[in-house]
Structures are given as structure tokens and as C-alpha cells.
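K.L.:
So that we are looking at the same thing, I have put the structure below in C-alpha cells.
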2 protein chains.
Amino acid sequence: MTTSTIPIKISTKAIAQEFLDKYDTFLFDCDGVLWLGSHLLPSVKETLNLLEESGKKVMFVTNNSTKSRAAYTKKFASFGIKATQEQIFTSGYAAAVYVRDFLQLTPGKDKVWVFGETGISEELKLMGIDSLGGADPRLLESFDPETSPFLKDGLDPAVTCVIAGLDTKISYHKLAMTLKYLQQDGVKFVGTNVDSTFPQKGHILPGAGSMVESIAFAAGKKPVYCGKPNQNMLNSIASVMDLDRSRTCMVGDRLNTDMRFGTEGNLGGTLLVLTGIETEERALQKSDEYPTPKYYAEKLGDVYELTH
Amino acid sequence: MTTSTIPIKISTKAIAQEFLDKYDTFLFDCDGVLWLGSHLLPSVKETLNLLEESGKKVMFVTNNSTKSRAAYTKKFASFGIKATQEQIFTSGYAAAVYVRDFLQLTPGKDKVWVFGETGISEELKLMGIDSLGGADPRLLESFDPETSPFLKDGLDPAVTCVIAGLDTKISYHKLAMTLKYLQQDGVKFVGTNVDSTFPQKGHILPGAGSMVESIAFAAGKKPVYCGKPNQNMLNSIASVMDLDRSRTCMVGDRLNTDMRFGTEGNLGGTLLVLTGIETEERALQKSDEYPTPKYYAEKLGDVYELTH
């Protein structure tokens with residue numbers, strides 16, 4: 001898990017330039033790296049512009065499955081950052097790519113039952129894969145097996161897969177119907193991401209993993225997770241773009257998701273920024289629980305500020 | 001786990017009489033033993049009357065935490081069965097007894113945050129222990145940490161324990177607030193029962209355990225479970241009544257909850273009835289996964305029918 005070298009701090013012009021020269025592709029986590037909630041971090045826009053002007057490929061990789069990539073482009077635009085849908089990888093999109101490319105669901109034939117928000121079903125729809133459940137408002141009604149509209153004509157036999165992620169409108173109707181589909185023989189179980197919690201407005205709130213694990217416990221089935229640090233996310237990225245892993249760097253604010261994701265994915269580099277939840281002490285401390293990053297920086301913007 | 005003897009089938013008058021003579025106290029699971037949903041099973045009322053006339057003590061022990069004991073007496077009454085509140089042990093009541101007698105919460109001072117239905121908070125109230133959360137309708141509103149009425153004045157420092165059980169009106173607000181309290185130092189975590197699912201109207205639905213484990217995963221804290229087969233349930237029963245374990249028999253329809261509960265509790269006897277989910281084949285099959293019952297019967301009512 002750990003690498004043998006001491007992380008290099010991006011603290012001089014020479015190191016920043018060496019860092020830029022080493023990689024052609026940069027994968028960025030978003031919250032804690034580019035912004036904190038609704039506040040853009042300093043010199044982020046300038047750093048991204050610098051990468052674009054230098055002909056680097058840039059991808060944004062987030063475990064947030066509640067928004068589609070299309071919705072995410074609006075968040076980027078609100079900060080004045082240009083980002084196309086093709087540059088954005090959410091765990092919901094990764095799950096959709098996984099069921100299409102790895103489970104080989106047939107668009108127009110196989111259907112997916114979704115436990116989660118619109119960020120999953122919208123991505124499936126773009127692939128021509130029909131989904132049920134998700135944000136259907138009828139799932140907010142009390143559940144009674146004798147009156148549920150989802151059981152009236154029996155379960156849909158076209159459903160061959162369940163995708164589950166974070167749903168801040170969780171209901172018993174959703175949980176019960178998701179379990180019903182998972183009780184069917186051969187129905188596959190995919191989780192967007194295993195994060196037990198996520199930070200919001202200074203609070204630590206229940207994350208996707210807490211819901212997926214609840215469903216897994218009821219169903220007695222283990223999910224395949226798609227988000228970071230699971231390599232399905234990286235494999236999904238590699239399945240939609242050319243990726244020279246040795247010339248790719250993962251940039252993130254968490255040692256045991258982002259840095260693990262890059263290290264286990266055999267990427268050429270990893271950069272930990274200290275604008276999220278990690279400290280310099282943790283970055284430098286060797287541990288069996290998380291990998292050591294190759295580089296670290298006080299903030300992403302240092303890459304721009306040191307070279308200009 | 002397994003006992004060395006072959007289960008005795010209650011199939012003759014002599015065996016039924018021997019069974020009755022061996023025990024002074026009978027602990028009954030309810031659903032699958034006394035009734036199936038809203039249908040009373042044959043000769044159940046006669047069997048319970050026989051026990052009462054013979055001076056036996058009878059207790060009803062259910063993992064259902066959604067109803068209080070007071071509410072349960074009404075269910076018994078609807079079948080024409082006399083049962084006092086003192087004869088009924090729900091997992092919600094067991095959790096309340098556990099926090100009072102084993103965690104030694106002080107009524108009037110310590111408070112409990114409840115994730116679950118009214119069957120938990122009503123039992124706490126009878127003990128003089130105040131609770132928050134539970135069925136409070138404000139928890140059905142969308143959660144926003146900046147507007148939640150439960151966070152407006154900060155967390156209540158009097159809360160020293162969380163009890164979690166089945167809540168068929170689960171909401172993100174409930175999950176988020178339960179997590180907030182569990183993130184406080186020293187706050188204890190009690191689960192009503194670990195059942196991952198429960199049967200209802202021919203469907204297998206998500207059970208208390210699936211919700212408690214979701215909360216546990218988010219909080220990174222392990223709960224203490226109170227319901228069957230956990231011995232906290234039996235210890236709670238023993239803390240409110242005299243119990244000669246060698247002269248007590250557990251009657252139930254599940255090998256790995258009811259029969260395990262009686263066997264691990266060193267009760268003198270266990271009786272498996274085949275009106276629930278188990279079969280004669282499973283009753284007779286030795287397994288490392290569940291204990292062998294001492295007796296088994298096609299139905300509880302055979303005890304009466306064979307002796308009359």
C-alpha cells in the first residue's frame with residue numbers, strides 16, 4: 001500500500017515545473033480540491049487554464065452520484081470554469097458505464113432499478129438504458145405491498161441490475177422495492193461508492209455507503225462498488241478515453257480514497273492537497289492504512305502561483 | 001451450538017403431558033407461533049388457557065419494536081386472548097430496560113435519541129426517561145443542517161444514548177440526526193434487534209437490523225443489540241421477573257433466533273413449531289449454524305389437542 005519515497009512538497013518553481021512536465025493527464029477530485037462547498041479555492045481557475053494552455057488533458061472525478069454530469073457542468077460554470085460533460089466522471093456515471101461495458105446490459109432490453117437520485121438515471125438514459133425507481137415521487141408514499149404501484153403487476157422481469165447510491169430522500173418504499181428486486185435470481189447489485197459519510201456545511205452526514213450497506217445487509221448480497229477508490233471507476237475512465245497511466249496524476253484531498261485510487265491504479269503520480277480534510281503531518285506519516293502521495297501541496301493553486 | 005439429543009416431536013398425549021409438566025414458565029414468540037399476520041392459528045387460545053389453568057407463567061417475547069406493550073395488548077385482545085402489559089416483552093421494551101438497568105441512565109436527567117417508531121419512546125416514557133427524535137413529524141421534512149429545528153440550538157447535551165430500531169417512515173433527517181448524536185463522545189448505541197428482514201403479507205421486507213447497521217456503518221460505532229437471540233433480551237426479562245431458567249421453555253418458529261435464544265440462555269427447554277418458516281427436515285438436521293430444539297411440533301395447538 002505505501003510507497004517507499006517521501007512525498008515531495010510543491011514549494012518551489014522548479015518542483016512545480018517538474019510536476020507539470022511529468023504528466024499529460026490530470027484527474028481532479030472536486031470538493032476540497034477545487035472548491036469548498038460554494039467557495040472556489042484560490043488560483044484554481046488559473047491552474048486549470050494553465051493546464052489547458054499547456055495541452056494537458058483534464059478530468060474531474062467525483063464520488064457524488066446525486067447530480068448527472070450535465071448538472072455538474074452547471075456547477076463548474078457557476079465558478080466560471082469551463083468543463084464539458086466529457087471531462088466529468090461522477091460515481092453515478094461510472095456505475096452506468098460499468099453496467100453497460102462490464103455487465104454488458106443491453107440498451108432497450110435490460111432495465112435497471114435505481115436507488116438514488118437523478119444523477120444515476122439520467123446517465124443511464126443517455127446510454128439508452130431504461131431505469132425504474134430512483135426519484136419517482138410515488139416512492140415517497142408509505143409502503144404497503146398490497147397497494148404499491150410498483151408491485152401491482154408484479155416485478156418488471158426486464159430488470160437485471162440494481163444500482164444504489166446516496167439518496168437524501170430515502171424512504172421505506174424505496175428500500176423495500178430495492179430489496180424485492182435484489183431477491184430475484186441473477187439480479188446484479190452495483191453501488192456507486194462506499195463512502196460512509198460526506199462533509200456538508202461543517203457537518204458529517206450519512207453517505208452513499210451507509211445506504212448501500214443497509215440494502216446489502218437486508219438482501220444478503222454484496223455490491224460491486226464503482227466510485228473511488230474502487231478501480232472500476234478508473235477502468236470506466238480508461239474505457240471512454242485513451243489513458244497512459246504512467247503519464248497520469250490523480251489530484252485529491254483524501255489519502256484513503258483519492259491517493260489510494262491513484263496508487264492502486266498504477267498512475268504515474270498522485271498529488272495530495274491540504275485544502276480538504278488531510279494535514280501535512282498525515283501526508284508525511286507512513287501508514288499501512290493509506291498510501292503515501294508522490295507530491296503534496298498546501299493548495300492546488302500553488303502549481304500556478306509558483307510558476308508565475 | 002448444537003445439542004446432542006434428537007428433537008422430540010410432540011405427537012402423543014404422553015409426550016405432550018411430559019412437556020407440560022417439565023416447565024413452569026413458557027416464553028412465546030408471537031408471529032408464526034400464535035398467529036400469522038391477522039389469522040390466529042388453531043387451538044392457540046385453548047393451549048394458552050390450559051397453561052393459565054395449570055398455573056404456568058406465560059410471557060410473550062417479540063422482536064417487533066414498532067408497537068409498545070400497551071399497543072400489543074390490543075392485538076392480543078383482537079384475537080380474544082387475555083394478555084397483560086407485564087406479560088409482553090418487545091425488543092423496544094427490552095432496549096428501554098437495558099438502558100435503564102444496564103447502562104443505568106438516570107430518569108429525569110439522561111435523555112435518549114430514538115431512531116424508530118413509537119414502541120420505543122412510549123416504553124422510555126413509562127420509565128420516566130425523556131426521549132427525542134422517534135416519530136417527531138418534523139423529522140419527515142427534508143434535512144438541511146442550517147434549518148433543522150433539531151440543530152437550531154445545538155445538540156441536546158442531556159442525550160447520553162441512542163436507541164435504534166425498525167422505522168417504516170425512515171427519512172434522511174432521522175438518519176442525519178441519529179448520526180450527529182452518535183458522533184458525540186460517550187453517547188451509547190443500542191439496537192432493538194439485528195433481524196435483517198421480516199415477513200409481511202407474503203413479502204420479505206427490510207428489518208430493524210438493516211437500519212441499525214446503516215447507522216453503525218455511518219457512525220463507525222457497533223451497537224449493542226437487545227432483541228432475540230441476544231441475551232440482553234433474556235437478561236432484561238430476568239431483571240423484571242423471577243426466572244428459574246431450568247424450568248423455562250422458549251417456544252418459537254425460528255431456529256437461529258428463537259431456538260438460539262433459548263439454548264444460549266440455558267433454558268431448560270426449547271420448542272420449535274412448524275407454523276412459521278421452518279420445516280421438519282430442518283428441525284431434525286444437525287447444523288453448526290443453529291441449535292437443535294429439544295421439542296418440535298406441527299403447531300403449538302397440538303399441546304392442547306393431544307391432551308384433550
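Glycine is treated like the rest: Cβ placed from N, Cα and C.
What TrEMBL records for this protein is below:
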- B:D29: active site, nucleophile (ACT_SITE)
- B:D31: active site, proton donor (ACT_SITE)
- B:D29, B:D31, B:D253: Mg(2+) binding site (BINDING)
- B:K228: substrate binding site (BINDING)
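Help me picture where these features are in the structure shown.
P.N.:
Packing around B:D29 (active site, nucleophile) is summarised by its Cβ count: 22 other Cβ atoms lie within 10 angstroms of its Cβ, all protein chains included. When secondary structure is read from DSSP and collapsed to three states, B:D29 (active site, nucleophile) falls in the coil class.
Taking Cβ-Cβ distances under 8 Å and a sequence separation of 6 or more, the neighbours of B:D31 (active site, proton donor) in its chain are B:G37, B:T62, B:N64, B:P199, B:D253, B:G276.
Listed in sequence order, B:D29, B:V61, B:N63, B:S91, B:N193, B:G252, B:T257, B:D258, B:R260, B:F261 are the same-chain residues six or more apart from B:K228 (substrate binding site) with CB atoms under 8 A from its CB.
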K.L.:
For B:D253 (Mg(2+) binding site), what is the secondary structure by DSSP, using just helix, strand and coil?
P.N.:
coil
K.L.:
Please report the DSSP secondary structure of B:K228 (substrate binding site), reduced to three states.
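P.N.:
DSSP call for B:K228 (substrate binding site): coil, neither helix nor strand.
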